[in-house]
Amino acid sequence: MAMGLMCGRRELLRLLQSGRRVHSVAGPSQWLGKPLTTRLLFPAAPCCCRPHYLFLAASGPRSLSTSAISFAEVQVQAPPVVAATPSPTAVPEVASGETADVVQTAAEQSFAELGLGSYTPVGLIQNLLEFMHVDLGLPWWGAIAACTVFARCLIFPLIVTGQREAARIHNHLPEIQKFSSRIREAKLAGDHIEYYKASSEMALYQKKHGIKLYKPLILPVTQAPIFISFFIALREMANLPVPSLQTGGLWWFQDLTVSDPIYILPLAVTATMWAVLELGAETGVQSSDLQWMRNVIRMMPLITLPITMHFPTAVFMYWLSSNLFSLVQVSCLRIPAVRTVLKIPQRVVHDLDKLPPREGFLESFKKGWKNAEMTRQLREREQRMRNQLELAARGPLRQTFTHNPLLQPGKDNPPNIPSSSSKPKSKYPWHDTLG
């Protein structure tokens, strides 16, 4: 027996040194009632007839001991469970400029947060600009130009109507100018009968040929609210300012919230506006048709330049886009095929002898000033006559002659009628008149 124990002890030490271990962990049924136990099975010495096995139990998480005792404690530790790391998702490659735009768009505040945009005409324009910039991805200068073209396309039917009426007026211009000359001369002469007669004949002539002089002015009257709404919308965005508007420009005008530093845009807008008005792109009436309109047109761009040169660049971007669109539009409407499709009458070339002679700018200005002065004097004279008639209707009759109309010159006075010379002169002679 002692020999078997000695052999078993030597075998235990040999197994512990060589690291040969046999683990038998208690099953789950034993976890509820007993703590986790590690069981070791060691073969006995081979000197015996049959092998003996030593069953060692180690209770508790303690390390095995190599002391002279017959029990070894083994610590059992489960390996930590490491979750599988997911593979990183593929990130699309973006250029540096596009990355900056994406980051700026993501960080940009909406117009509602900035206090812009509403259901007014100005707010609707701001909402349209925001849609084109944020949703469509256009830069601010492109969004302003695209919004301008969209607005001008909406009023294109009015442009065609104005062109039709302008062509009709031009074809009947000699007769219209004759009636206008008769009316003006009758008014200056104070001949009311001739004035109303010429006015009536001119109205009948216009009705017969379907001429309406106010129709060419419908387009400027309609476009004025659109221009004012765009101006206010862009001015509010620049004065706030919208952060992205400060870097949404082009070329030398990167900041759309300030005025043009080298004044190229104001000069370009002035030149294009003069061309638009001179060619009649907005009204359809060329400046050579009406003398007074030509003179006013030539002065307007120069008058507005000192006032508009300090506007924000965003306003000039809209203005320049609108003027360029008008020039392209009038160029297309001069094509005969386009005029035929749109049913615009062809312009008749009149004989210069049938038209009144053209005057220079100074002569026309002096003549207009003289006509205005004469019109004012006639108006004052009519007002004085009206006041005298009203006074005569309310008060007593007043003497309007220097002698007695009852006395005939060259004849003696009747005997029963006393001479007027025998009577003392009254201080108020009109009191003695018949009434």
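Each residue, glycine too, has its Cβ placed from N, Cα and C.
Note on Swiss-Prot: of 114-134, 324-344, the range annotated with the feature transmembrane segment is 114-134.
When the topology recorded in Swiss-Prot is consulted, P139 and N371 turn out to share a side of the membrane. Within the set S18, S29, S181, S364, Swiss-Prot records phosphoserine at S364. Among the candidates T38, T66, T89, T402, the residue that Swiss-Prot annotates as phosphothreonine is T402. Between the transmembrane segment (114-134) and the transmembrane segment (261-281) there are fewer than 3 Cβ pairs closer than 8 Å, counting only pairs 6 or more residues apart in sequence, which means the two stretches are not in contact. Long-range Cβ contacts of the transmembrane segment (140-160) within its own chain (Cβ-Cβ under 8 Å, at least 6 residues beyond either end) map to 125, 128-129, 132-133, 218-219, 222-223, 226, 230, 234, 244-245, 248-250, 256, 284, 314, 317-318, 321-322, 325-326, 329, 333, 342, 344.
Mapped onto DSSP helix, strand and coil, the topological domain 'Mitochondrial intermembrane' (161-212) counts 46 helix, 0 strand, 6 coil.
For the topological domain 'Mitochondrial matrix' (234-260), same-chain residues at least 6 beyond its ends with a Cβ under 8 Å from one of its own Cβ atoms are 104, 108-109, 111, 114-116, 122, 126, 129, 133, 139-141, 144, 266, 309-318. Sequence-distant neighbours of the transmembrane segment (300-320) (same chain, 6+ residues past either end, Cβ-Cβ under 8 Å): 140-141, 144-145, 147-148, 230-231, 234-235, 237-239, 245, 249, 253, 255-260, 263, 265-274, 277.
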